[in-house]
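**Q** Can you keep this structure in mind? I'll have questions shortly.
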Amino acid sequence: MSVSRRVIHHGLYFAVLGPLIGVLFLVLYIFFAKEPLILLVIIQVLPLFLLMSITTGAIPAMLTGVMVACLPEKIGSQKRYRCLVGGIGGVVITEIYCAVIVHIKDMASSALFENILSGENLVVRIIPALLAGVVMSRIITRLPGLDISCPETDSLS
């Protein structure tokens, strides 16, 4: 598979599925670490919650997918290293993206954006970015449209 095709596929898959995986882990984190009653509030506003996660997470997820697609063959063919780089890259890219948005005051004008992007809610950004980066790096070779056949990545064990 050509590098440009792999970059397009990885970027799109990460952008579409990454924020959704992040929301799943964030909801589980809120349910187990915080009060379970907050989960009822989140379920009531789930469409808005998904929209916010996609608007704040799609671009960092896409950039993480492009980064994973551009990994050298030695690193990209090994599951552990690909997941490690995907997770760390997801966190770093998300934090850089949020720092840029905070400095652009027009985009961060609403109270909801300012609350999400504030330093107090660092765990709300780091956990979904880390876990979505790791999970997407792990399953990216199994998604349709990618002709990656590497013995190291073909088994899910």
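Heads up, the Cβ atoms here are built off N, Cα and C, so glycines get one too.
The following feature annotations were taken from Swiss-Prot:
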type: TOPO_DOM; residues: 1-11; note: topological domain 'Cytoplasmic'
type: TRANSMEM; residues: 12-32; note: transmembrane segment
type: TOPO_DOM; residues: 33-36; note: topological domain 'Periplasmic'
type: TRANSMEM; residues: 37-57; note: transmembrane segment
type: TOPO_DOM; residues: 58-83; note: topological domain 'Cytoplasmic'
type: TRANSMEM; residues: 84-104; note: transmembrane segment
type: TOPO_DOM; residues: 105-115; note: topological domain 'Periplasmic'
type: TRANSMEM; residues: 116-136; note: transmembrane segment
type: TOPO_DOM; residues: 137-157; note: topological domain 'Cytoplasmic'
**Q** Could you give the mean pLDDT over the topological domain 'Cytoplasmic' (58-83), rounded to a whole number?
**A** 88
**Q** Short question: which residues 6 or more past the ends of the transmembrane segment (84-104) have a Cβ under 8 Å from it?
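**A** Same-chain residues near the transmembrane segment (84-104) but 6 or more away: 18, 56-57, 59-61, 63-64, 67-68, 71, 75, 113, 117, 125-126, 129-134, 136-138.
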**Q** Below 8 angstroms Cβ to Cβ, which residues of this chain, lying six or more residues outside the topological domain 'Cytoplasmic' (58-83), approach it?
**A** 3, 6-7, 9-16, 18-19, 22, 89-90, 93-94, 96-97, 129, 132-134, 136-138, 140, 150, 152-153
**Q** Per DSSP, what is the residue tally for the topological domain 'Cytoplasmic' (58-83) in helix, strand and coil?
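**A** Helix, strand and coil residues of the topological domain 'Cytoplasmic' (58-83) number 21 helix, 0 strand, 5 coil.
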**Q** When the topological domain 'Cytoplasmic' (1-11) is classified with DSSP, how many of its residues are helical, how many are strand and how many are coil?
**A** 9 helix, 0 strand, 2 coil
